[in-house]
């Protein structure tokens with residue numbers, strides 16, 4: 001998709017704050033500091049629309065980005081960040097679960113994992129949660145450029161096995177540096193919009 005117009009519409013914490021719209025929405029879920037902001041910026045060809053932080057746990061709201069008057073990317077808080085209080089983590093969990101299970105406009109979730117590392121228990125639980133609720137999901141393994149190409153398949157296999165990955169789902173190796181995987185991710189989005 002050729003993206004020229006992107007706007008952060010609202011940062012929401014409750015359903016009554018979600019934008020009133022019929023446009024399809026795609027949620028971006030992943031651990032803190034896994035590369036969600038870089039993924040968004042690569043997909044929409046912007047350097048800093050989604051703020052990239054060195055500090056994990058920066059996104060604390062559901063951020064609704066309207067793209068080309070055609071769809072929304074919804075950046076959800078990163079899960080599994082240890083330095084946030086248990087109460088805060090539970091609040092985020094409820095916020096994310098409420099959005100994913102009740103939002104009619106949600107067409108799919110882009111679950112982002114780091115190709116360099118074995119997925120965590122939180123990653124596994126998120127994937128299981130999406131499968132349980134029959135939410136279409138694509139797993140995007142970011143930071144492929146950070147490891148030698150010779151390790152891509154081995155690491156991808158570890159990610160798939162750890163998540164108990166459903167072969168019917170889409171799995172994409174992604175790099176915000178080289179833009180690898182960008183077209184495949186857009187393809188998943190376009191298919192869900194048809």
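The backbone N, Cα and C atoms fix where each Cβ goes, glycine too.
Swiss-Prot lists 22-194 with the feature domain 'EngB-type G'.
Sequence annotations record features per position, and here Swiss-Prot assigns GTP binding site to 30-37, 57-61, 75-78, 142-145, 174-176.
Sequence annotations record features per position, and here Swiss-Prot assigns Mg(2+) binding site to 37, 59 based on sequence analysis.
Taking Cβ-Cβ distances under 8 Å and a sequence separation of 6 or more, the neighbours of residue 61 (GTP binding site) in its chain are 11, 12, 13, 77.
The separation of residue 37 (Mg(2+) binding site) from residue 174 (GTP binding site), Cα to Cα, is 13 Å.
According to DSSP, residue 30 (GTP binding site) is assigned to a strand segment.
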